[in-house]
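Beneath this line is the structure, given in structure tokens, with notes to follow.
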Amino acid sequence: MRTRAFLLLAGGHALTDMYINFLPALLPVMAPRLDLNLTLAGIVISGSLIAANLAQPVFGWLFDIHPSSRWLVWPVVLSGLLMCASVLSTGYYVFLALTLVAGVANGVYHPAGSTYTYQLDPYNRGVLMSLFSSAGALGYAVGPVVVALLVDRWSLNALFWALVPAAVFVIGAFTTRLSGLKPNPKRWNIRQARTVFRGAILILTWTMILRAWGHLVLSNYLVFYLEKAGYSYQAAANLLTWFLAVGAVGGIIAGKLSDSLGRTRIIVVSMLLSAVFAGLFLYTNGLWSVLFLMACGLTVHAPLPVMVVLCQEYLPESVGIAAGLSMGFAWGVGSLGALVNGIVADHWGLSASFWVAALILLAGAVLATGLKKVRVMERV
């Protein structure tokens, strides 16, 4: 039953992230239909990301108060339905509204899904969270492919066939009992809560933001950098795919190791190595450069699921809020920080922007060493 429950949770994560990432493939099709310029298209993308990420701590808090499997079902259905329905939009504001609400639905799923995953097995939380995270990464990666296959082969309306997996998920949700996994919130001791928010959570949140910031810069600008270095567009896109793919593998490895070696140790080492490998990638050329890029991809994503679990362990009575902080809020703020690197790239070049990203990851590694000095809050 626990295996079936995990497959349901991971499947829902894959689906909701797949649906939200329909947008990059839909925009080139919808832009001429709705007469969108790049600025308006950028507002749609940014709005969807902000809606999906920044409010996740609030969704996590609400889930902690009213835990229910419904928090898993309706976000998947709603995000899929709205993204598919967006192809019927006759105006920009309708299209924007549909994608924004779909982003909100996507943001709701993450705290609920990760909280249930946290409850499955207290002895293997690292590896389970890494697999849960990797499922979302896989779904996110195939989203544009699904749109391209359905729209190119048939029509925009054919996108509604992408809702079939959501229907299967709903059936699975109603036939899988998750009620026994509901968290049982207890009151905090005020002094302990203040200590955590001033220490561990503050340090960890900033570490997560710095990791997301560096990761987003590397992934968002990698194709531009490689093309400038002489790679073809196709070769650069393929390297980006591999960069993201090995990152998912790194998350699984780090999650497994963190269960035995400790969360903070894995976080510090992973972020330190990612900074070193990013610098070596920029310093070298040819095959060595590609190898260091893959090593950077492996290590820069590795601490993500470990951070999610550690944040939940710091807040054992509010794992929903913890998930919202680590899976949503940090990404949202990190994406805003990545905009700064765009300005750096415009003024001093992409290489300078990437060196800044490497320094940001190094700063995150240094900051993470402070986590060793903070004890996990005890249950009271």
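Glycine too: its Cβ is placed from the backbone N, Cα and C atoms.
Per TrEMBL, the features are:
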| type | residues | note |
| --- | --- | --- |
| DOMAIN | 5-376 | domain 'Major facilitator superfamily (MFS) profile' |
| TRANSMEM | 38-59 | transmembrane segment |
| TRANSMEM | 71-88 | transmembrane segment |
| TRANSMEM | 94-114 | transmembrane segment |
| TRANSMEM | 126-150 | transmembrane segment |
| TRANSMEM | 156-174 | transmembrane segment |
| TRANSMEM | 195-213 | transmembrane segment |
| TRANSMEM | 233-254 | transmembrane segment |
| TRANSMEM | 266-284 | transmembrane segment |
| TRANSMEM | 290-311 | transmembrane segment |
| TRANSMEM | 318-340 | transmembrane segment |
| TRANSMEM | 352-371 | transmembrane segment |
Region pair the transmembrane segment (318-340) / the transmembrane segment (71-88), three or more CB pairs under 8 Å: no
Per-residue pLDDT averaged over the domain 'Major facilitator superfamily (MFS) profile' (5-376), given as an integer: 83
Segment-segment contact (the transmembrane segment (233-254); the transmembrane segment (38-59)) at 3 or more Cβ pairs under 8 Å: no
Paired segments the transmembrane segment (71-88) and the transmembrane segment (352-371) in contact, 3+ CB pairs under 8 A: no
Folded-back contacts onto the transmembrane segment (156-174), same chain, C-beta under 8 angstroms, at least six residues removed: 4, 8, 11-12, 15, 18-19, 22, 29, 69, 72-73, 76-77, 80-81, 84, 87-88, 146-147, 150
For the transmembrane segment (94-114), distant same-chain residues with Cβ under 8 A (at least six beyond the ends): 9, 12-13, 16-17, 19-20, 23, 30, 34, 43-44, 47-53, 55-57, 59-60, 63, 67, 71-72, 74-76, 78-79, 82-83, 85-86, 129, 132, 136, 308, 312, 319-321, 323-324, 327-328
